[in-house]
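Student: The structure's right below; bear with me while I get my questions together.
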Amino acid sequence: MGSTQLILALLMLAYGVQSTEDASLSKTRKIVCSFDKPFHLDHASAQNPETPKSALLFLRSWMGSDDEDGFDRESIRFFLKDSSLKLLQSLKADADKLACEIKLYFTDNIQVLWPGVHSNDQAMDSWFIATMKHTEGDYHLTIFLYQVPESPPQGMLSAESHNSQSVRTHHVSAAFAVRTRTPVIQSKLKQDVLLDCTFSIDHPADVMVTWTLNKKGREGINLLSYSGSTKQIQHYSKNVVIQEEELAKGNASILMRNVDIEKQGFYYCSVVVASLYWDQKIHLEIAESPIVEVNAKSLSLVEGEDQKLLCDASHYYPLDVSIEWLKEDRGQTFLPIKVQNIIFSSHKYNRDGTYSISSYFMYKARLQDNGVVFTCRVEHSSLALSIRRSVNIYVTGSSRWSFELWLLVSLILIFSAILVYTAKYFFRGRPYNQRPY
């Protein structure tokens, strides 16, 4: 294939991808949301919360009336202008996979100096905050929106006037967004973990970024802080890495090196620009899978012999673990039988913060158990599938009766030999009767 043909093929492929994206966008131009009371509530409002109302967030400035079919005409409508924020690109593809909530955002009477927002426009309801949570856990996205004046197209004027009493409409622009692609992340011990936090602003501005770790029952632990005005990073904790050059690109992600149990908890990536701020929460969970061992893979036993079957589950975290023994006959088609009267040791706390436990039972060999399999099954939150370790049992008949029979035969032979010897001795010692003639 020549270079010209290759270029044409790539252009056709790109056009096809773009066409597919446009087709998808045309089907997912709106996001169903709920609209709640202000993000910053006063005391009186907090005492009397209202039920959230339904809302629609349209991803283009204006839609036709067919875009509202099937939705409550009382819904509050937000028309989002085309934005330069890169973090908003995913909304178009994931509109039907987002749990959306919109709230009024109050700044405690502090004026927000923002390009495009005039001081006389800063009414109490001029700023909104929209929180998007991907239903499959791919990301959490928070967008700060400010209201802009907008006139509807000529064809929409009458409809807008007709519904002015029943429908509230807001035309908004995205000013600032924060996203994490790791809202909940699991890690094993002694691994490096990336905590994702990115932000986007609609104009060049200095930001302040801080990272803190919150653990249950403890005060927040400062990890690092960054000042956009001085371009300085202050580290408060070791094993935390951030790329300074990435901060200028809106990437405030950190790398936690060699994590241990003490590193789990809720991390907050706080981004401040002007009078707007957001704490992006990330939950780091430590999950260490158990190491499972049994005391034998197979046992050859004599009928009546006692044997201890032991299963050890070690170095797991968190604490909750399930251990059970199952008995299954060779070639059995129905479900295995759960072994009763299992004895468990207490949980052992290891130096690395993990736990260990043992489970065992006493087994008396029976001839009908020849070929059975005992399986130790361990389940833990870190495992997608349970861990199984099996012990094959082989039982032979007891040799006790053969020994007793041999002993009896031996005694009979000895006793018979004694009788023969005694009889010979008796007849040998008796004199022969002599005749008188």
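Sequential numbering from 1, following the chain as shown.
Quick reminder: no glycine exception, Cβ is built from N, Cα and C everywhere.
Sharing the feature lines straight out of TrEMBL:
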- 191-271: domain 'Ig-like' (DOMAIN)
- 290-392: domain 'Ig-like' (DOMAIN)
- 1-19: signal peptide (SIGNAL)
- 405-427: transmembrane segment (TRANSMEM)
Student: How many of the residues that make up the domain 'Ig-like' (290-392) does DSSP mark as helix, as strand and as coil?
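Tutor: Secondary-structure breakdown of the domain 'Ig-like' (290-392): 3 helix, 59 strand, 41 coil.
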Student: Are there residues at least 6 beyond the ends of the transmembrane segment (405-427) whose Cβ is under 8 Å from a Cβ of it, and what are they?
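Tutor: Beyond its ends, the transmembrane segment (405-427) has no Cβ neighbours under 8 Å.
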Student: Can you tell me the mean pLDDT for the domain 'Ig-like' (191-271)?
Tutor: 94
